[in-house]
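What follows is a single structure, written as C-alpha coordinates, with notes after it.
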Amino acid sequence: MAKAAVTKRHHFMIQKLLILLSYGYTNGLDDAHSLRCNLTIKDPTPADPLWYEAKCFVGEILILHLSNINKTMTSGDPGETANATEVKKCLTQPLKNLCQKLRNKVSNTKVDTHKTNGYPHLQVTMIYPQSQGRTPSATWEFNISDSYFFTFYTENMSWRSANDESGVIMNKWKDDGEFVKQLKFLIHECSQKMDEFLKQSKEKPRSTSRSPSITQLTSTSPLPPPSHSTSKKGFISVGLIFISLLFAFAFAM
(Lines of atoms letter the chains of each structure in order from A and count residues from 1; the text may use other names and numbers.)
(Lines give C-alpha, C1' and ligand atoms only; values in the text may rest on other atoms or scores of the structure.)
Protein backbone atom coordinates (compact mmCIF):
# COMPACT_ATOMS: atom_id res chain seq x y z
CA MET A 1 0.00 0.00 0.00
CA ALA A 2 2.79 2.39 0.97
CA LYS A 3 4.69 1.55 -2.22
CA ALA A 4 1.59 2.27 -4.30
CA ALA A 5 1.17 5.65 -2.60
CA VAL A 6 4.79 6.56 -3.27
CA THR A 7 4.45 5.51 -6.91
CA LYS A 8 1.32 7.62 -7.25
CA ARG A 9 3.14 10.64 -5.84
CA HIS A 10 5.99 10.11 -8.30
CA HIS A 11 3.56 9.90 -11.20
CA PHE A 12 1.89 13.11 -10.02
CA MET A 13 5.27 14.86 -9.82
CA ILE A 14 6.23 13.66 -13.30
CA GLN A 15 2.90 14.90 -14.68
CA LYS A 16 3.55 18.35 -13.21
CA LEU A 17 7.02 18.40 -14.75
CA LEU A 18 5.54 17.57 -18.13
CA ILE A 19 3.13 20.48 -17.72
CA LEU A 20 6.09 22.76 -17.03
CA LEU A 21 7.90 21.30 -20.03
CA SER A 22 4.99 22.26 -22.28
CA TYR A 23 4.87 25.73 -20.73
CA GLY A 24 8.60 26.31 -21.17
CA TYR A 25 8.58 25.29 -24.81
CA THR A 26 5.47 27.20 -25.81
CA ASN A 27 6.66 30.27 -23.94
CA GLY A 28 9.67 30.25 -26.25
CA LEU A 29 7.32 30.60 -29.21
CA ASP A 30 5.02 33.14 -27.62
CA ASP A 31 6.68 36.56 -27.90
CA ALA A 32 6.40 39.90 -29.67
CA HIS A 33 6.88 38.13 -33.02
CA SER A 34 3.72 36.06 -32.46
CA LEU A 35 0.03 36.76 -32.29
CA ARG A 36 -1.72 34.98 -29.43
CA CYS A 37 -5.48 34.63 -29.12
CA ASN A 38 -7.02 33.29 -25.90
CA LEU A 39 -10.59 32.00 -26.14
CA THR A 40 -12.81 31.06 -23.21
CA ILE A 41 -16.09 29.17 -23.49
CA LYS A 42 -18.16 28.60 -20.35
CA ASP A 43 -21.67 28.10 -19.06
CA PRO A 44 -23.50 31.44 -18.61
CA THR A 45 -25.47 32.14 -15.45
CA PRO A 46 -28.06 34.82 -14.56
CA ALA A 47 -25.39 36.55 -12.49
CA ASP A 48 -22.74 36.19 -15.20
CA PRO A 49 -24.20 35.94 -18.72
CA LEU A 50 -20.75 35.75 -20.32
CA TRP A 51 -20.39 32.54 -22.36
CA TYR A 52 -17.52 33.42 -24.67
CA GLU A 53 -14.56 35.76 -24.55
CA ALA A 54 -11.71 36.25 -27.00
CA LYS A 55 -8.56 38.27 -26.38
CA CYS A 56 -5.70 38.64 -28.87
CA PHE A 57 -2.25 39.89 -27.93
CA VAL A 58 1.07 40.70 -29.51
CA GLY A 59 3.54 40.48 -26.65
CA GLU A 60 1.81 42.31 -23.81
CA ILE A 61 -0.32 44.51 -26.07
CA LEU A 62 -4.02 43.67 -26.23
CA ILE A 63 -5.16 44.33 -29.78
CA LEU A 64 -8.59 42.71 -29.75
CA HIS A 65 -11.18 41.93 -27.07
CA LEU A 66 -14.51 40.32 -27.94
CA SER A 67 -17.28 38.68 -25.95
CA ASN A 68 -21.01 38.04 -26.21
CA ILE A 69 -21.44 41.02 -23.84
CA ASN A 70 -18.79 43.45 -25.04
CA LYS A 71 -18.82 43.23 -28.82
CA THR A 72 -16.65 46.26 -29.40
CA MET A 73 -13.02 45.98 -30.45
CA THR A 74 -10.48 47.39 -28.03
CA SER A 75 -6.77 47.94 -28.16
CA GLY A 76 -4.14 48.53 -25.50
CA ASP A 77 -2.16 50.74 -27.87
CA PRO A 78 -3.34 54.37 -28.18
CA GLY A 79 -1.18 54.80 -31.28
CA GLU A 80 -2.84 51.96 -33.11
CA THR A 81 -1.71 51.57 -36.71
CA ALA A 82 -3.67 50.82 -39.85
CA ASN A 83 -2.16 47.31 -39.84
CA ALA A 84 -3.55 46.65 -36.35
CA THR A 85 -6.98 47.81 -37.46
CA GLU A 86 -6.87 45.49 -40.47
CA VAL A 87 -5.92 42.53 -38.28
CA LYS A 88 -8.81 43.23 -35.92
CA LYS A 89 -11.30 43.53 -38.77
CA CYS A 90 -10.07 40.28 -40.27
CA LEU A 91 -10.16 38.30 -37.01
CA THR A 92 -13.39 39.56 -35.49
CA GLN A 93 -16.07 37.64 -37.40
CA PRO A 94 -14.11 34.37 -37.78
CA LEU A 95 -13.43 34.38 -34.02
CA LYS A 96 -17.09 34.99 -33.23
CA ASN A 97 -18.09 32.12 -35.53
CA LEU A 98 -15.43 29.87 -34.03
CA CYS A 99 -16.57 30.59 -30.47
CA GLN A 100 -20.12 29.61 -31.40
CA LYS A 101 -18.81 26.40 -32.96
CA LEU A 102 -16.71 25.65 -29.88
CA ARG A 103 -19.72 26.19 -27.65
CA ASN A 104 -21.70 23.66 -29.67
CA LYS A 105 -18.85 21.15 -29.57
CA VAL A 106 -18.35 21.46 -25.81
CA SER A 107 -22.08 21.07 -25.23
CA ASN A 108 -22.10 17.83 -27.26
CA THR A 109 -18.90 16.41 -25.77
CA LYS A 110 -19.25 13.65 -23.20
CA VAL A 111 -16.85 14.16 -20.31
CA ASP A 112 -16.39 12.87 -16.77
CA THR A 113 -18.54 15.30 -14.77
CA HIS A 114 -16.46 14.57 -11.67
CA LYS A 115 -13.50 16.09 -13.50
CA THR A 116 -15.32 18.99 -15.11
CA ASN A 117 -17.53 19.86 -12.12
CA GLY A 118 -20.60 20.30 -14.30
CA TYR A 119 -20.60 22.11 -17.63
CA PRO A 120 -17.14 21.83 -19.23
CA HIS A 121 -15.03 24.99 -19.20
CA LEU A 122 -13.08 25.31 -22.44
CA GLN A 123 -9.91 27.33 -22.88
CA VAL A 124 -8.26 27.62 -26.29
CA THR A 125 -4.99 29.29 -27.21
CA MET A 126 -4.02 30.05 -30.80
CA ILE A 127 -0.41 31.06 -31.42
CA TYR A 128 0.53 32.42 -34.83
CA PRO A 129 4.25 33.14 -35.33
CA GLN A 130 5.32 35.48 -38.12
CA SER A 131 5.65 33.28 -41.21
CA GLN A 132 8.81 35.00 -42.53
CA GLY A 133 8.43 33.52 -46.01
CA ARG A 134 7.29 30.09 -44.81
CA THR A 135 3.81 28.68 -45.21
CA PRO A 136 1.60 30.45 -42.64
CA SER A 137 0.79 28.13 -39.75
CA ALA A 138 -0.51 28.21 -36.20
CA THR A 139 -0.83 26.06 -33.11
CA TRP A 140 -4.20 25.53 -31.46
CA GLU A 141 -4.16 24.31 -27.85
CA PHE A 142 -7.38 22.98 -26.30
CA ASN A 143 -7.93 22.63 -22.55
CA ILE A 144 -11.25 21.27 -21.29
CA SER A 145 -11.75 21.91 -17.57
CA ASP A 146 -8.03 21.42 -16.84
CA SER A 147 -8.63 17.69 -17.44
CA TYR A 148 -8.48 17.06 -21.20
CA PHE A 149 -5.72 18.48 -23.39
CA PHE A 150 -4.97 18.24 -27.10
CA THR A 151 -3.25 20.31 -29.78
CA PHE A 152 -3.75 20.93 -33.49
CA TYR A 153 -0.87 22.05 -35.73
CA THR A 154 -2.03 23.63 -38.97
CA GLU A 155 1.47 23.35 -40.47
CA ASN A 156 1.21 19.61 -41.03
CA MET A 157 -2.46 19.09 -40.07
CA SER A 158 -1.49 16.89 -37.14
CA TRP A 159 -3.29 16.40 -33.83
CA ARG A 160 -1.73 15.26 -30.56
CA SER A 161 -3.37 14.48 -27.24
CA ALA A 162 -1.93 14.47 -23.74
CA ASN A 163 -3.42 11.08 -22.82
CA ASP A 164 -5.90 8.43 -23.94
CA GLU A 165 -8.93 10.15 -22.39
CA SER A 166 -8.07 13.38 -24.16
CA GLY A 167 -7.48 11.41 -27.36
CA VAL A 168 -11.06 10.13 -27.39
CA ILE A 169 -12.41 13.69 -27.43
CA MET A 170 -9.71 14.88 -29.82
CA ASN A 171 -10.53 12.20 -32.39
CA LYS A 172 -14.18 13.26 -32.45
CA TRP A 173 -13.26 16.90 -32.89
CA LYS A 174 -10.70 16.24 -35.63
CA ASP A 175 -13.31 14.27 -37.60
CA ASP A 176 -15.49 17.37 -37.79
CA GLY A 177 -14.47 18.71 -41.21
CA GLU A 178 -16.33 21.99 -40.78
CA PHE A 179 -14.57 22.66 -37.48
CA VAL A 180 -11.11 21.93 -38.90
CA LYS A 181 -11.89 24.16 -41.87
CA GLN A 182 -12.71 27.02 -39.46
CA LEU A 183 -9.37 26.62 -37.70
CA LYS A 184 -7.52 26.65 -41.02
CA PHE A 185 -9.63 29.40 -42.59
CA LEU A 186 -8.88 31.89 -39.84
CA ILE A 187 -5.14 31.48 -40.42
CA HIS A 188 -5.36 31.44 -44.22
CA GLU A 189 -7.69 34.44 -44.39
CA CYS A 190 -5.73 36.71 -42.05
CA SER A 191 -2.12 35.53 -42.45
CA GLN A 192 -0.99 38.38 -44.71
CA LYS A 193 -2.45 41.06 -42.44
CA MET A 194 -1.05 39.36 -39.33
CA ASP A 195 2.41 39.09 -40.88
CA GLU A 196 2.43 42.77 -41.81
CA PHE A 197 1.38 43.74 -38.30
CA LEU A 198 3.91 41.41 -36.64
CA LYS A 199 6.67 42.76 -38.85
CA GLN A 200 5.78 46.27 -37.74
CA SER A 201 5.61 45.21 -34.07
CA LYS A 202 9.01 43.55 -34.39
CA GLU A 203 10.55 46.87 -35.37
CA LYS A 204 9.15 48.64 -32.29
CA PRO A 205 10.89 48.63 -28.87
CA ARG A 206 9.18 46.12 -26.63
CA SER A 207 9.13 45.00 -23.03
CA THR A 208 11.05 41.84 -22.15
CA SER A 209 8.31 40.57 -19.83
CA ARG A 210 5.75 38.03 -20.97
CA SER A 211 2.42 36.81 -19.72
CA PRO A 212 1.62 33.08 -20.17
CA SER A 213 -1.17 32.04 -22.48
CA ILE A 214 -4.48 30.84 -21.20
CA THR A 215 -3.54 27.16 -21.40
CA GLN A 216 0.22 27.28 -20.97
CA LEU A 217 0.26 26.65 -17.23
CA THR A 218 -2.10 23.69 -17.49
CA SER A 219 -1.66 22.25 -20.95
CA THR A 220 0.24 18.97 -21.26
CA SER A 221 0.22 19.04 -25.05
CA PRO A 222 3.28 17.44 -26.72
CA LEU A 223 6.00 19.44 -28.38
CA PRO A 224 5.23 21.01 -31.78
CA PRO A 225 6.70 19.56 -34.98
CA PRO A 226 10.49 19.99 -35.35
CA SER A 227 10.05 22.56 -38.11
CA HIS A 228 8.78 25.16 -35.61
CA SER A 229 11.49 27.62 -34.58
CA THR A 230 12.27 28.10 -30.87
CA SER A 231 14.10 30.69 -28.87
CA LYS A 232 17.16 30.02 -26.72
CA LYS A 233 14.99 30.56 -23.68
CA GLY A 234 12.68 27.77 -24.80
CA PHE A 235 15.58 25.35 -25.23
CA ILE A 236 17.01 26.23 -21.82
CA SER A 237 13.63 25.60 -20.20
CA VAL A 238 13.31 22.26 -21.98
CA GLY A 239 16.82 21.23 -20.94
CA LEU A 240 16.31 22.05 -17.28
CA ILE A 241 12.98 20.28 -17.09
CA PHE A 242 14.36 17.26 -18.95
CA ILE A 243 17.05 16.94 -16.28
CA SER A 244 14.36 17.20 -13.61
CA LEU A 245 12.44 14.41 -15.32
CA LEU A 246 15.50 12.17 -15.23
CA PHE A 247 15.80 12.70 -11.48
CA ALA A 248 12.09 12.04 -11.02
CA PHE A 249 12.28 8.75 -12.92
CA ALA A 250 15.39 7.76 -10.97
CA PHE A 251 13.64 8.26 -7.62
CA ALA A 252 10.59 6.41 -8.92
CA MET A 253 12.60 3.26 -9.61
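All residue numbers here begin at 1 and follow the chain in the order shown.
The backbone N, Cα and C atoms fix where each Cβ goes, and this holds for glycine too.
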Whichever of Cys90, Cys99 is disulfide-bonded to Cys190 when Swiss-Prot is consulted:
Cys90
Integer Å value for the Cα distance linking Asn143 (N-linked glycosylation site) with Cys90 (disulfide bond) is 25
For Cys37 (disulfide bond) and Asn70 (N-linked glycosylation site), determine the Cα separation and express it in whole Å.
16
Using Cα-Cα distances with a 10 Å cut-off, which of the recorded positions Cys90, Asn156, Cys190 are near Asn38 (N-linked glycosylation site)?
none
